[in-house]
Amino acid sequence: MVNYPNGKKHPSKDLVTSTDKKRKINYGGRGMIFEESIDTSNQYYRSHRIAVIHKRPTPVQIVKVDYPKRSQAVIKEAYFKTPSTTDYNGIYKGHYLDFEAKETHNKTSFPLSNIHEHQVEHMRAVEEQQGCCFFLIHFSLYNEVYYLSFKHLEFYWQRMKQGGRKSITLTEIRNDGILIPYGYKPRLDYLSALTLSHESEE
């Protein structure tokens, strides 16, 4: 169990508004830090020859482009060519990795509406070919990141499909997932969580 004592006194009414504003800004910033932490960690893994993992580009069909200046082009209209599968893929110790990074501002659960049916089908197909799929879930209010294997995610997905709850509680994620602490190098060592998860399943 993780506790979150703040040890702070309640602010006066005059300070509540400014504190709330700062809190909102911080939550958005945490989302950017989450993505940047994954990217910088991937760079670390590549530069140290630990793994080769990249963010998967999303194919886009550009429909309309304006040229306010000769040297500049502004895309005015574009569409996704195909539904995106997952955010990242690569190779680690001879194993193919495919994973999705998700963020929620929810205090007590992770809504499964953040995941699409075709993403689950894609991950299921990858795992059938002995690939490894998982989710990195960021709870921005607590600034906590969890590794959750596809096996656990699919259990909750099937529960939803059978008429159960449409989210995974934070308690369930803390029980089934692995908390990934922010560090220095790499910033977010999710591969250690992956290794720990596989060792616990053997």
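Heads up, the Cβ atoms here are built off N, Cα and C, so glycines get one too.
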Candidate from Gln119, Gln129 that TrEMBL assigns to the same Mg(2+) site as Thr85, Asp87, Glu100: Gln119
Around the Mg(2+) site (Thr85, Asp87, Glu100, Gln119), what further same-chain residues have their C-beta within 8 angstroms of the site's C-beta centre? Arg56, Ser84, Thr86, Asp98, Phe99, His122, Met123
Residues satisfying Cβ distance under 8 Å from Gln119 (Mg(2+) binding site), sequence separation of at least 6: Ser84, Thr85, Thr86, Glu100
Enumerate same-chain residues with a sequence separation of six or more from Asp87 (Mg(2+) binding site) and a Cβ-Cβ distance below 8 A; give 'none' if the list is empty. Lys55, Arg56, Phe99, Glu100, Ala101
Among all protein chains shown, how many Cβ atoms are found within 10 Å of the Cβ of Thr85 (Mg(2+) binding site), not counting that one? 18
